[in-house]
Amino acid sequence: MLKIYNSLTRKKEFFNPAHPPQINMYVCGPTVYNHLHLGNTRPLIFFDTVKRYLEMLNFRVYYVVNITDIDDKIIENALKNQVLEQDLANKYIKSFNNLLKTLNIQTINFKPQATQYINSMIVYIQTLLDQGFAYFTDQGIYFRVSKIDDYGKLKKQDLSQLKQNARKQLDPQKEFPGDFILWKKTSQGITYPSPWFAGRPGWHTECATMIEQLFKLPLDIHGGGTDLKFPHHENEIAQTHAHSHQKLANFFMHVERLDYQNQKMSKSLGNIIWCKDLLKQYNPCIIKLLILSTHYRKPINFSYDLMEQAQQKYQKITDFLTKNNFYLKVNQFSCQALDQDIMQLFHQLMQDDLATHKVIDLMEQTIKQAHQTQILDKLSQFQNSLLLILNILGITIPFNKPTKTDLQTYFLWQDARKYRDFAQADILRKQLLDKGFI
C-alpha cells in the first residue's frame, strides 16, 4: 500500500484518499513574470509522475496547477519592459505551456489563472472580515494570524518564534508582525475595484480562494516546492480554517530545492539555468532523468557533470531498447507479458514515498540482467516492463525500430558471413551498426 511522507505530520503515512477512487491534487504553479528555470520545473516533473503512478493504481486523479498572473514581480517587469502587465503574463503563460508540452508533462487537468477569480477573492476576503479574521490598515487588509490557535504547525513554530522573523516594518499598523496581506491597497500597476478600495489580492489568498472554488475540501494532496511550506502553504491553511472551518489538505508534499553552485537557483540571485536554454543542448528525457534520479525530498546541486551522467543513463536505455527490440524482431517474437519480479520491485519502490531514484537504478539493473540472457520470452518481458516504467516516469525514448529493409539487411549480413563474403558482410554490418541495431 502506498505510503507518502506528509510534511504536516513529518512522517510517512498510508495514503488513503477521502473519496476513492477519486483523488484531488493541487500544486502551486508559476508566477508568470519570466521563463521557468530548472528549479521551477522540478516539482512539475515530479508531480506529473505522481499522477501517472496514482492512475496506474486505478485512481481517478483531478490535478490542478495554478498560474499566478497578477503579482508585484509581473508589474515590475512590465514597467521595466514598457508593456502591459497582462501582455507580459500572457507571453510567459505561453512559454510555460510550451515547456510543459516539450517535457511531456501532459497530465494537468486544469490551469486556473488568478485573474479569473478576482470576484471570488473579494467575497472570500469579505467573509474573513465578517468573521473577525481580518482587519484594515492604511495599506490594505490583513489576516489576523493570532486568531489561529495552531498557526505555524506546518513550519513547526509557534507565534513567539515566528515573530522574530516577521516583517512588521513593512506596515507599522500591523497588529502582529506575521499578519499577511489579503488585499493590497495600491495605485501602481493593474488594480481591481472592491467594496473597500482599489487594489489587488495577496498571493496567499489567490491560491486559498481557487482551491475552495475548484475542490470539495480537504484536498488529498497539496504540493509544491519546499520554499512554499512557509509562509505560503501555512497561510493557505490558516485562511481555509478561518473561512470554511475545514482542513485544507490531508497530505502536504514538498519537493526539495534545486541548487546551482551550492546556492538556491533563483532569478533574484542570477544563478539560474533556464529550461529553454538547457533544452537546446539536451533531450527533454535527459532533464527528467536528472530530476528523477534524486529523491524528491533531497536537494539537487545542479552541475553539467550531473547532466552528462543523466545523458549516459539515457543512452544506455536507448541502446538497450534499440538492440533488444531488433533482436526480438529478427526472431519474430512478440508477447505482451511483464516481468513480475521487476514490476513487484517497481511497486515496492514507488509505494515507499515514490522513490523514483531507486526506480531508475532498477531500470539499470534490469538492462544488466537482460545482457546475461538470450531467452526471447525473458527479453520481451524486460522490454515491456521497462517501457511501462518509463511511461510512469513520463519519459518517452524514441528508439530506432527496424523496417522490413533493415530486417532484410540483417539476414543478408548473416548470409554473407555464412558464405565468407567478408567485404559484403562488413558493408551490411556497418549499416546495422549505424542504426544501433547490433
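Each residue's number is its place along the chain shown, starting with 1.
Backbone N, Cα and C atoms are what each Cβ position is placed from, and that goes for glycine too.
Summarising the annotation, Swiss-Prot assigns Zn(2+) binding site to C28, C207, H232, E236. Taking a C-beta cut-off of under 8 angstroms and a sequence separation of 6 or more, H232 (Zn(2+) binding site) has the following same-chain neighbours: C28, W203, H204, C207, G224. For the recorded site, H232 (Zn(2+) binding site), the DSSP three-state label reads helix.
What Swiss-Prot records for 30-40 is motif ''HIGH' region'. Beyond its flanks by at least six residues, the motif ''HIGH' region' (30-40) meets 67-69, 71, 73-74, 76-77, 88-89, 92-93, 95-96, 99, 203, 225, 257-260, 264-267, 272-276, 278, 287, 302 of its own chain at Cβ-Cβ distances under 8 Å.
Counting residues 6+ beyond its ends, the motif ''KMSKS' region' (264-268) has Cβ neighbours under 8 Å at 34, 37-39, 227, 257-258, 302 in the same chain. Annotation comment: Swiss-Prot describes 264-268 as motif ''KMSKS' region'.
The annotation ATP binding site is assigned in Swiss-Prot to K267.
Secondary structure from DSSP puts C207 (Zn(2+) binding site) in a helix.
Cβ environment of E236 (Zn(2+) binding site): H204, C207, A208, I211, H222, L248 lie under 8 Å away, each six or more residues apart in the same chain. Sorting each residue of the motif ''HIGH' region' (30-40) by its DSSP state yields 3 helix, 2 strand, 6 coil. Around C207 (Zn(2+) binding site), a 10 Å sphere centred on its CB holds 29 further CB atoms from the protein chains shown.
Computed over the motif ''HIGH' region' (30-40), the whole-number mean pLDDT of the model equals 96.
Neighbours of the Zn(2+) site: apart from C28, C207, H232, E236, residues of the same chain with C-beta atoms within 8 angstroms of the site's C-beta centroid are W203, H204, E206, A208, H222, G224, L228, H233, N235.
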